Amino acid sequence: MADETEIQAAAPAEAAPGAEGQGERRGRGGRGRGGNDRGGDRGRGRDGRGRRDDRRGSEEQGEELIEKLVHINRVSKTVKGGKRFGFAALVVVGDGKGRAGFGHGKAREVPEAISKATAAAKKAMVRVPLREGRTLHHDGNGHFGAGRVTVRTAPPGTGIIAGGPMRAIFESLGVADVVTKSVGTSNPYNMIRATFEALKDQTSPKSVSQRRGKKIADLLGRGGASAPVAEAEAAAITE
């Protein structure tokens, strides 16, 4: 009886190495398939990135931005092994409601350069006050480098009298009537920066009245308008 008990007790001990081998094989299989630990983490990582992209897409779709490709050129970088060629893109982005920005991006491929420039433009958007939502409040000048631009307010029906990079800015900004003039260099980068310098100086009667602590009608009345006309114009100003 004692021998039989020893034999039965030894049987599970002999089966233990096989069980350990199966456990090791299962462990290797889990790592190989990537289904238990690290594979699950990778899956969650992909899903997480996908959800973040979807959120960004929904925000961009709700904003409905206007994107204009202004200029693209080929660039090169000299390194130890020779030259690396790529592309540089200049993009203007706006919402058509008084906000616009520009961005510059470089990459080895054209689509990637445009994508980088668009992302930079969205981060650099500025608000420009518009009169009646169609034109500027007053004339302005801007310069950058050798480029100098002049922007003027215009009556209804004038349209956008601008060319090249400046037209892209006003179309994305939502301006319907404006007269512009560019003097000096025709470099699109300088023209874009000079135009934004002129737009940053734009002020509205509402902001001036808040800064000076006066009524909008009082400011408009100083231009020679009668009190009723000044009050009507002040009531029509939204920004």
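Yeah, the Cβs are placed from backbone N, Cα and C, and that goes for glycine too.
The structure displayed is predicted, hence computed values, not measured ones.
According to Swiss-Prot, the protein carries these features:
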type     : residues : note
REGION   : 1-62     : region 'Disordered'
COMPBIAS : 9-19     : compositional bias 'Low complexity'
COMPBIAS : 34-62    : compositional bias 'Basic and acidic residues'
DOMAIN   : 65-128   : domain 'S5 DRBM'
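Summarised as a single figure, the pLDDT of the domain 'S5 DRBM' (65-128) averages 94. Summarised by DSSP class, the composition of the domain 'S5 DRBM' (65-128) is 14 helix, 38 strand, 12 coil.
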